[in-house]
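Peer 1: Have a look at this one.
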């Protein structure tokens, strides 16, 4: 079974992940991992920490001679900012501490302090921080290299930021991937891009933050990934859980799910067609590539709805956890909009979910064994 564990604090020495369950002999290019880490750091609205960190991954185990070994693969990303936090983040007993007791509305400060009985909110901030998304991006970049063997491609773009909303005007966004990557907000439409950047700038000038919506598209996933047999094996449920675990994501949509809630069934469902060349297919994709928790061969479309970042330069009112007096929430260094960055992280999250279920179906200890199982299944589909 493909799984991972990650560890590390935002201002600690670094971030670590151990990935278990990858087959052996997958070609692994560290430059592709670092490229995704660089993409995560970009985007209009990012904070000053991106000027400090130059994220590069180190592979500590599980890869030799450019290929996976089939054993646990360990990744590490150094936090360059740690040198500025050595006294605060020391593992030894601190002689003097500046205790943080003013929780931010919308963040994990209050609930984390109460759940784990912390007197200092710093102990919560360090793990709830979106700095964790760096290692999740690296994990995603690893499994993307596995999926690419089977021509599975992943793309993300931003649909809205604040009041600036974009409706895609092309059918195949993969043809415009380079233009999306070149956009500071990952938006293909230059006019809407300017509006999005204007929204972010206005929020920054008033000490506020902004959320938005991004879409991830996964192409060439074969029919049959996921299962309707049990609730926890449904592919859309697995994808939704993955995205909901990403910091600040408050809603997830598969295909045209929200729009479909107000339509007749005859207007929403995708008619099934067949041809010798394509096999079974659909001309429309309102289901978002998943039916009954199982991939149907069309592009998988999933959207993440991101709330505004809770850290505000003009903070909201809160309660001092020591005195119970009304105070202003703490100000922690932060982005004021991270929707473009979240879209990149979401690619990796979706990649991991797809890879996990892909290996569940085509399991093997080596990539060659997985390919054999995959080819037999694809031949079976062609015979139907």
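Glycine residues also receive a Cβ, built from the backbone N, Cα and C atoms like all the rest.
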Peer 1: Need one residue: from 233, 286, 333, the one Swiss-Prot lists with 127, 128, 129, 247, 248, 292, 307, 308, 309, 310, 311 for FMN.
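Peer 2: Same FMN site in Swiss-Prot: 333.
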Peer 1: Which of 40, 127 (the binding-site residues) has the most other Cβ atoms within 10 Å?
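Peer 2: It comes out as 40.
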Peer 1: Residues with Cβ closer than 8 Å to the Cβ of residue 248 (FMN binding site), same chain and 6+ apart in sequence?
Peer 2: 130, 211, 306, 307, 308, 309, 310, 338, 342
Peer 1: Once the chains shown are all counted, how many other Cβ atoms turn up within 10 Å of the Cβ of residue 311 (FMN binding site)?
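Peer 2: Within a 10 Å radius of the Cβ of residue 311 (FMN binding site) lie 20 other Cβ atoms.
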Peer 1: Could you check which of the binding-site residues (127, 129, 311) sits closest to residue 40 (NADP(+) binding site), going Cα to Cα?
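Peer 2: Nearest in space to residue 40 (NADP(+) binding site), counting only the binding-site residues, is 129.
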Peer 1: Including all protein chains shown, what's the count of other C-beta atoms within 10 A of the C-beta of residue 46 (NADP(+) binding site)?
Peer 2: 20
Peer 1: With an 8 Å cut-off on Cβ-Cβ distance and a minimum sequence separation of at least 6, pull the same-chain contacts of residue 129 (FMN binding site), or say none.
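Peer 2: Within the chain, residue 129 (FMN binding site) has Cβ neighbours under 8 Å at 9, 10, 247.
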